[in-house]
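Beneath this line is the structure, given in structure tokens, with notes to follow.
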Amino acid sequence: MIRIPDFANATPIQIIFCVLAVITLFTAFMTIYSRKPMHSAIYLLICFTSITGHYLLLNSQFLAMVNLIVYIGAIMILIVFTIMLMNLNKENEVYKPRITRLGAIVTFCLMCLVLIAMFINSKPIVGEYTTTGEDYQSIKVLGKVLLNEYMVPFEFASVLLLVAMIGAVLLSKKEKTTK
Amino acid sequence: MNTLIAITGLGVLCLLFEILNFRKAIVPITIIGLLAILGLTVSEFNLPESYYNNMIVVSKFSTVFSSLFIVLTILLVALAHDFYEDHPTKISDFIAIKVFMLAGAVAMVSFGNLAMFFLGIEILSISLYVLAASNRMNLKSNEAGMKYFLMGSFASGIILFGICLIYGAMGSFDIAEISDWSRSAELPIWFPIGISLVTIGMLFKIAAVPFHFWAPDVYEGSPALTTATMSTLVKVVAMATLYKLLSAMNIDTNEYISTAFINIIVVLSIASMTVGNIMALKQTNVKRMLAFSGISHAGFMLMALLSISTSAGSLLYYASAYSLSGIAAFAVILYVCKNKDNENIENFNGLGKNNPLMAAVLTAALLSMAGIPIFAGFFAKMVLFNQTIEAGHLVVVIAAVINSIISVGYYFKLILAMYSKEPNEAVAKTPFVFYAVAVVSILLNIVLGLFPSAVLDLLG
Amino acid sequence: MNNILNQIGIENYIFLSVILFCIGVFGVLYRRNAIIVFMSIEIMLNAVNLLFVAFSTYHQDAQGQVFVFFSMAVAAAEVAVGLAILVSIFRNMDTIDVGNLKNLKG
Amino acid sequence: MDVTHILIILLVGALATYFSGDKWAPKVALLFGLAAFAGSICLLSQYNLANEINYVTLWIAKPKIYFALHADGLALAMLLLTTALTPIIIFSSFGNTYKNSKAFYALILFMTFAMAGTFLASDGILYYIFWELSLIPIYFIALIWGNGDAEERKKAVVKFFIYTLAGSLFMLVAFIYLYQKTGSFLIRELSQTDLSATEQFWIFLAFFLAYAIKIPLIPFHTWQAEVYQKAPTVGTMLLSGIMLKMGLYSVIRWQLPIAPMAAKEFMYVFIGLGIAGVIYGSIVALRQKDLKKLLAYSSLAHVGLIAAGAYTLTLDGLRGAVLQMIAHGFVVVGLFFVAEIIFRRYETRAIAEMGGIRAQSPKFTSMFMILVLASVALPSTFNFIGEFTVLYSLSQVNIWYAILGGTTIILGAYYMLKMFQHVMLGETNARIFADVTFNEGLTLVIIIAVLFFFGLYPKPIIDLITPSLENILTQVNRFN
Amino acid sequence: MDTSLVLVLLLAPFLGFLFNVFLGKKAGKSVVGIVGTLSVVVSFAITLYLFGNAGKEPVVVNLFDWITIERFNVKFGFLLDQLSILWLLFVTGIGSLIHLYSISYMHDDEKIHSFFAYLNLFIFFMITLVMGSNLLMMFIGWEGVGLCSYLLIGFWYKNQDFNDAAKKAFIMNRIGDLGFLIGIFIVGSLFNTLDFTSLKTIITTIDDINDLWIALAALALFIGACGKSAQIPLYTWLPDAMAGPTPVSALIHAATMVTAGIFMLTRLNFLFDMAPSVQNIIAIVGAVTALVAATIALVQNDIKKVLAYSTVSQLGLMFLALGFGAYEVAVFHVITHAFFKACLFLGSGSVIHGLHGEQDMRKMGGLKKTMPITFITMLIASLAIAGIFPLAGFWSKDEILMTAFHHNIVLWVIGSIASIMTAFYMFRLIYLTFFNSFRGTEEQKHHLHESPSLITVPLIILAIFSFFGGIISLPGHSWLNEYLAPLFSKVSHEEHTLGTTEYALMAIATIGAIIGIGIAYKKYLKDNTIPSEDAEITGLSKVLYNKYYVDEAYDAIFVKPVNVLSSFFRDAVETTLSALVFGLGKVTNEIALQGKKVHNGSVGLYLFAFVLGVCAILTYLFL
């Protein structure tokens, strides 16, 4: 069952959550809806920031910082650079045919409906959420988990990044045709 | 574990060779290295063990499939030298990417933790995005890369979502733990939803209907060698992984969804076979045709999921048979279309006269795919049929049979072109490796056909 | 330490991420501009990341957060490769309209 | 002499032929064909001592598939037919020159190998493998060395391939289903199973589809005439002389013992189909313009009768069917060879363009006439023995079957004589028709000698096949 | 001794056949003729020896098992009893004469070696037919003689009309053969043997007889006999068979082969005796055939056609007798008929030979002076066939009619009318051919001559037999009846005591014959009427001249429909079936083409499908 927030007796945390959620969803939607790519990028930026807010709310400060750095600092910059480099910030995008857009909206609604209904349909989570009291999300703990238990994936991620790097280079490197 | 480390090391070595200017040696050394790794892998066959907190679990399943992947990679790498002879400066990159991709593949079948699984599949996918788009001056290649990337990352998102839900349900990424807990009755619904989403993501990778749309376009647009990789190695990897995932998640005993899930597999399997085969009938581009054929084979392989507890051996066999014949076919296609700008069937006209050996190899490969004895493809199908009937899904088998009949239609289109049309040009010189790869892979296929037990019994 | 989910509820996080995810999907379907499509995919990944963190709190377990790192790494890698492909398409076609990618069909 | 040796000889022969080069290929092929025949004779003498020849070794452990060959009288008779016809067919082609003949003759031997395997195999999957394997060479023979318009030929050949494959795949499913029930593919076990009536029905039907297409029975025969016409004569001979018999043999060997209840219950339908084939084939043959097509339809009529005989489930029916199979094998090879001889001289298969040959080639005429007469089952030819026995068995089931099936002797005479009249008789043809060469004559004489010898003294064959057929009948009757 | 004799008897003509086939061309025409004739003469000699030395008990020679049926074996064996020896006598005897005749007759034909080969083969098969110890052995000969008939009718193969006639003969015979086979099947399944001696024992001793099946078997066998012996409805081939050389007509289509049906019925007399209903049918068919054929013969102008229809008519009479169970009477008529009909055919052959192939009687006439021997022999034969006392035909025909009279007056009347007509048309033939003046061309007239002695000698011999042949079975003292008596299970009919009725019947028959001759005399000799040209024939004669349009009717009822059906099957059904199979392929291809439109290259669409697929799966699984 969905718990209707009790706005009258809402705790600050709940209010913050609601505000953040609204911001997240709105900016995400605007990202898609804006006609200018640059506007989208800015909305996306706000969206990511609000997600960082969520992380903070959930008390995972380290991840919040990482999110800020990776997404806003790296990925978004990359995207913005691309937009500007290619001078894509034009409103010349031809919209898809109306039927397609309508289809997209219907599909969107359908998917939301299906997913949400699915979760509502299921057994509700009953009872209190456990609190172990242990520290599980400080930098210290995360570092230990990451480099002890998750050492192999951690190293393997480097392979992933290596591949991405080679790939990006491969795709943009000018070829020397002479042998 | 050693396999994975060795493969990664080999990949790095490839990159180093470029720096050290050993360009000519890259392919041979990689092949030798891979052969060594193959030996290493095989030696681990009877030593099931898990490494690094269950991150990597070496089992019979993983070693056998890893060996298959390594063999396929060896063949693909062997083809690379001639294929990339116009791109001398990039060959190390290509080879390295292929080797890393193999690492991803190995990780996918030997993962013990969903993190490894996810990273593996991402390495595989990203390598493929790059390879698909690698002919960067070619519009088709660009388009293929873009399409694959868009849809692939979309699918990755779905897989990630699925993993997330599984984690939500289980609080762990460890396959062994998940497997244990999945038997308990009190599970949040997140778990089956998560499985479903991961499965859907994997279905995309193996190009099952209705998640198959990318395959024909990408296969057609990509450079032929990449197509070969996708249609053989990647498809097999994805299938093996899906099998491993679902069997680890005890999908067949999950009381919440097992029946419905089986129904879904049945429907998707039939749909994939049918769509793949029917669509392949009217294709003029061979790579596109093989893409659709691949879709139908995905449908066949999905049948293995219907009797998931016993079908590992038959899946392995099917995968080997299919991929080996695929490589043989692509070796010929590479040879024929080497200096052509498309891969249309007309290019194959008169191959039977110009180059009877290559024509024979392609014929054998296609016959194997069509499931004609004595090629391995026949036994693969037969064993799968056997298991599926045993599991009580006669409908699927009948659909599969009807599809096998349809499939003959397009496989034979190619054979007809080779033998009944006059060649439109003079005989071209065949690089030795093409011969070698084609003959070796088709011989392996036939050997598999003659001694199916050798592979079938590996996984009990 | 107080579990914050006692106040918000894991369902709400699930719904939030689901809707966010769906918005991402919607974006992929709705727009033809490749850059926007990329962004939509990023939204999808972020939605999942958010859910990971929520579940991590729910289970009081660090692994979920560790996984987010990997997910970020993947996202970064994907964007890098995706943008590279995008650039080469732009060079060849002078457009990044996904709808124009129709050479391969049939 | 091990039973496998025959297969090995043929397989090695195929390889040797391929590697012997275009010039020597025909001779090498003939040599190996004769060797296989000699081998079969040895096998026969062995069989007479031991009464059964088996070769069983486990091939695949799971699912349990044996490499099991079993030569009883029936299988031996068919093996002898195959290995006897193959050298004849190869020898008959000496008058033609084929491009890339090494591949051509290698394929012929390979096909013989597959067909011999089909007759010998006693494991369902092994049998199925040989069965399918035999399709591939004939496909290429017809495709590459066939005649007529390439596009038409392609269509016909592909239709043939897909069609026959379609039927046999259902047979494979039936085998697998049986394996689920019995845990074995061996005919020995399969013919002892107790399946329910419904199961038998479906299994029977699955087998039937495969065999009806292969044999072919109407209405599954549409591939036949076209392929016969388009294939090179050697291919047509292989198809009609031996390959059709695979279907008929399989009915007796596999279909009836495995699903006897269904066979009994729907006997009338299948006999009816066979007889309908007799009448239909004969009538269609009447107005054919192409000699090979006419022979194809005559073949349709004859095999219809054979199938009807087999489905009577009586000893006479089975025996007659087998005898007629062998007889028809020889006679049809002879007739197609006659068509080829005419083609070599006149470059045509259109009956309208022939005529008036008799005066120019008395020897050829006589031999052709004898073949025609054998084909219409004149007493004292082998075909009469078969046809009589089959018709007799039909009359035991229902006299009307015999009457309707017996129309073959009227209609058969009608179309064959009409054909003979238009091909051979009439005013002397303006074009020169050289009489048969020594090779051609020898081929025909051998065939004719066989037809007459067994027509007068069929006892050896009858004695050979009867025990096996009785055995099969006991299996068929196990539900009573 | 017996075995080897039998084999020599059988194989002598076969050796002749082989010689003529393989060496005939090299050996030269006269050698061919001599070898061919000698081989038959050898058989004749052996037959004579056997005839002289035969005991009462039949001789059975079994060589080996031939066909194995589940419940019985068919042996490859021969049976020599009174019936077969009798038949062999006139088969080889007349055969020898006709061979002799042919040496001269066919001398100018370049293919004389094949002619003799076929003739020898025919004799061989005829001997097989006659000597076969079981139904299937008989069937070998039965079909074999049909084959030889086919070969010989189509001997001049360059003429497609002749080939058509040959084909027709073969196919019509085969219709009968199917009946024969069906009969064999029924007999086999009823009695588990096909052997004549065993059959006879079983049938005569068996108690519970299945009447229906016996009748069916008899009927089927009778259909076989109809085919071979040219009875209604299968008689139309025989007149057409005259396309063959005249000796062939004499030997095969008058004296020997066409009597095979009577032989078979006589052979199986014990079976037919069990089926009285079928016997009635046989009698009726025989009588009707006799009448119909006689009427047709009245107006034919082709000399050989007249004789052919006469043969059919006479065969009808024989069947009439068989129908009444009077086998020995039928056999008697077979023998006398063989003599005079062979004589007539050979005579007509001599005429045709003299006129260089002219067969139309309207173009003959006045030949008695130039061809006296031919004329006299033919006259004797004609008198014999007309039933003039005391020639052979009188006795045999009289016996048939007498039997008929005792059983069924109607059939007797029919038979009598038929024999009166016989007298008429035979003498019409004689008058038109030999009397008055010659109506042919001057060219022909110039060349008219009597035939050489090789032709006339057989004529004379046959004429003598036609004259005196009757003595073998004179009323009241029948050697033939006694000789054949062991064959018949029961004494089928008591010896006719020669009472008033009998004498009256003889008188009626003779008077009838004389009336017939008289009318012919009046019309053709006195009035010198010449039959009109084909186009001018009208009324009833036109119907008769065109043989009641039976051929046309058969053509319209059977041949045309089958051919139309064949075209229909070929053009419509085959293509439709083919299109059906191809149609499946076409449909799939069409679906594929439509499917290609769905795969339109748009990522958006692909993703739509993806998402919809996700939704569908999740909905199915969780909602």
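Glycine too: its Cβ is placed from the backbone N, Cα and C atoms.
Sequence annotations record features per position, and here TrEMBL assigns transmembrane segment to B:25-43 (among others).
Per TrEMBL, transmembrane segment is recorded for B:55-79 (among others).
Marked as domain 'NADH:quinone oxidoreductase/Mrp antiporter transmembrane' by TrEMBL: B:113-407.
Summarising the annotation, TrEMBL assigns transmembrane segment to B:117-136 (among others). Within the chain carrying the transmembrane segment (B:117-136), a Cβ under 8 angstroms from the stretch's Cβ atoms is held by residues 90, 94, 97-98, 100-101, 103-108, 111, 142, 144-146, 148-149, 152-153, 156, 159-160, 163, 205, 218, 221-223, 226, 229-230, 234, 237-238, 241, 245, all 6 or more beyond its ends.
As annotated by TrEMBL, transmembrane segment applies to B:148-169 (among others). Beyond the transmembrane segment (B:148-169), the same-chain residues lying 6 or more positions past its ends with a Cβ under 8 Å from any Cβ of the stretch are 114, 117-118, 121-122, 125, 128-129, 132-133, 178, 187-188, 190-191, 193-202, 204-205, 211, 213-214, 218, 222.
According to TrEMBL, the feature transmembrane segment maps to B:189-213 (among others).
According to TrEMBL, the transmembrane segment annotation covers B:225-245 (among others). If you look at the transmembrane segment (B:225-245), the same-chain residues 6 or more away from its ends with a CB under 8 A from one of its CBs are 61, 65, 68-69, 72-73, 76, 79-80, 83-84, 98, 101-102, 105, 108-109, 111, 117, 120-121, 124, 128, 131-132, 134, 195, 198-199, 202-203, 205-207, 215, 218-219, 287, 290-291, 294, 297-298, 301, 304-305, 308, 311-312, 315-316, 319, 322-324, 326-327, 330-331, 333-334.
Taken from TrEMBL, the feature transmembrane segment covers B:257-278 (among others). Long-range neighbours of the transmembrane segment (B:257-278) within the same chain, counting only residues 6 or more positions beyond its ends whose Cβ lies under 8 Å from a Cβ of the stretch, are 192, 195-196, 203, 207-210, 212, 251, 292-300, 302-303, 305-306, 393, 395-396, 399-400, 403, 406-407, 410.
The transmembrane segment annotation in TrEMBL covers B:290-309 (among others).
According to TrEMBL, the feature transmembrane segment maps to B:315-336 (among others).
Among the features that TrEMBL reports, transmembrane segment is placed at B:357-379 (among others).
Beyond the ends of the transmembrane segment (B:391-412), by six or more residues, the same chain brings 266, 269-270, 273-274, 276-278, 280-281, 283, 289, 292-293, 296, 299-300, 303, 306-307, 366-367, 369-371, 381, 384-385 to within a C-beta distance below 8 angstroms of the stretch. The transmembrane segment annotation in TrEMBL covers B:391-412 (among others).
Within the same chain, residues 71, 75, 78-79, 81-82, 317, 320-321, 324-325, 327-328, 331-332, 334-335, 357-358, 361-362, 364-365, 368, 373-379 sit at least 6 positions outside the transmembrane segment (B:432-451) and bring their C-beta atoms closer than 8 Å to a C-beta of that stretch. Annotation source TrEMBL lists transmembrane segment at B:432-451 (among others).
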Winner by Cβ pairs under 8 Å against the transmembrane segment (B:315-336), considering only B:189-213, B:290-309, B:357-379: B:357-379
Proximity verdict for the transmembrane segment (B:189-213) and the transmembrane segment (B:290-309), three or more C-beta pairs under 8 Å: yes
